[in-house]
Amino acid sequence: MSVKRWAFEVVAVLISASMLTYMLWRISGAENMTLPSGQPFFGDFMAFWSAGRAALDGHIADIHDRAMLWSYQQAVAPDVRFYAPWNSPPTFLIFVCLLALLPYPVAAIGFLVGTALLFGLAIRRFLPDARALIFPATAPAVIYQIGTVQAGMLLAGITGFALHFLDKRPRVAGGLIGLMAIKPHLAILWPLFLALSGRWRAFIAATVATIAFIVVSGLIFGSESYLNWFESLTASQRLISEQRITTPAYASLYANLLGLGASHALAIGIHAGSAAAGALVACLLFRKGDLAIGGAALCAATLLISPYLFFYDFTVLLVGAALLGAPRTPLDYTAAIFAWGAGLTVAAGYYFALPICPLAAWLVLGAAFMRARSAAPAPGLAPQR
């Protein structure tokens, strides 16, 4: 077992080192906060910062307007050729407004370092030893976020700490769950998890925290900010359905099937079937009440439901895999490897749009299901006649 672990660690470090080397090569010719490819330095963080800056300048009503936001992005990176849209709810706008108080590069580095620390501290709670931090630290989904500076580690960190405190301090956990309102499509299974597992104190706390978060955001930015956000969701959906950004970034089964040439109806139908099956399996596991198994199922099934997913969202799958502990079976090993490597869909996607991320989520969900079965008491012996 020690040899296997050593081998896995060496391979993980070599892959992550090669990724970092390639990323450094890509940014070597950057000028004026713009990469040679025309993309903004720090990637998607440009959308966060420009939206926050526009809101601070009083342009909340136009926060989803392309021309207005584009002017802020060009002011930071005059040579940028790719627009970074803002498509998050007002709850997340609170966070990015705070970030936009800082200069763009300082805010990006601060956000990256802060969310990495949050994620690392959270997932460490579920790892057997400090050495196991190699698992999340070298994961491609994490490494790629050094370049794109997205919210994957933030959401994974919140999820990890919420699960850690769930049975110890349920009200604190509920408050953390309320923060998931920044990305509501990644919080859709939390109410079912809490209700079916009988964790009512956390359920009530999460409900109160979520409502309070939404109301406070509405008071700060105005109720129309939610109407504008809902209207912007159509454009967000078209990012997927019309394949408007590079295919490798997509991580949902729906988007992967579109990338393989499937029709919209077929892709959404297969995705819906997978999502329903995943939610059903997760709900069965939630009823067990086991935190590790239920938490792993929560992380995995969440990533099977929404058609609007990208590689960085699968950072939370690392938390799910960590909850299952050290691998015991071939399925456990396969699930852990795929959870670690889900972000490789970015590199592989340039050649083929295989559903690597959905497969990884199903493997972790399957491993949780088999773990629940192995933990179940053996059936009683039939009476002798």
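Glycine is treated like the rest: Cβ placed from N, Cα and C.
Unlike curated entries, TrEMBL annotations are predicted automatically.
Residues or ranges marked as transmembrane segment in TrEMBL: 7-25 (among others).
As annotated by TrEMBL, transmembrane segment applies to 92-121 (among others).
Here TrEMBL flags 142-166 (among others) as transmembrane segment. Tertiary proximity for the transmembrane segment (142-166) is limited to same-chain residues at least six positions away from its ends with a CB under 8 Å from its CB atoms, namely 16, 19-20, 23, 26-27, 42-45, 48, 92, 108, 111-112, 115-116, 118-119, 121-123, 125-126, 136, 172-173, 176-177, 179-180, 182-183, 186, 199, 202, 291, 295, 298-299, 310-316, 318-319, 323, 343, 346.
TrEMBL lists 172-196 (among others) with the feature transmembrane segment.
Annotation comment: TrEMBL describes 203-222 (among others) as transmembrane segment. For the transmembrane segment (203-222), same-chain residues at least 6 beyond its ends with a Cβ under 8 Å from one of its own Cβ atoms are 55, 60-61, 89-91, 93-94, 170-175, 177-181, 190-191, 194-195.
Sequence-distant contacts of the transmembrane segment (265-286) (same chain, at least 6 residues past either end, Cβ-Cβ under 8 Å): 189, 192-193, 196-197, 252-255, 257-258, 293-294, 297-298, 300-301, 304-305, 307, 358, 361-362, 365, 368-369, 372. According to TrEMBL, the transmembrane segment annotation covers 265-286 (among others).
Beyond its flanks by at least six residues, the transmembrane segment (298-325) meets 119, 122-123, 126-128, 132, 135-136, 139-142, 144-145, 148, 150-153, 155-156, 159-160, 163, 185-190, 193, 236-237, 239-240, 248-255, 268, 271, 274-275, 278-279, 281-282, 286, 291-292, 332, 335-336, 339-340, 342-343, 345-346, 357-358, 360-362, 364-365, 367-368, 371 of its own chain at Cβ-Cβ distances under 8 Å. Annotated transmembrane segment per TrEMBL: 298-325 (among others), in sequence order.
Same-chain neighbours of the transmembrane segment (337-365): 8, 12, 135, 138-144, 246-253, 255-260, 274, 278, 281-282, 296-297, 299-301, 303-304, 309, 311-312, 314, 317-318, 320-321, 324, 331, counting only residues six or more beyond its ends whose CB sits under 8 Å from a CB of the stretch. Residues or ranges marked as transmembrane segment in TrEMBL: 337-365 (among others).
Listed by sequence, the residues of this chain that lie at least six past the ends of the transmembrane segment (7-25) yet keep a Cβ under 8 A from its Cβ atoms are 131, 134-135, 137-140, 143-144, 146-147, 337, 340.
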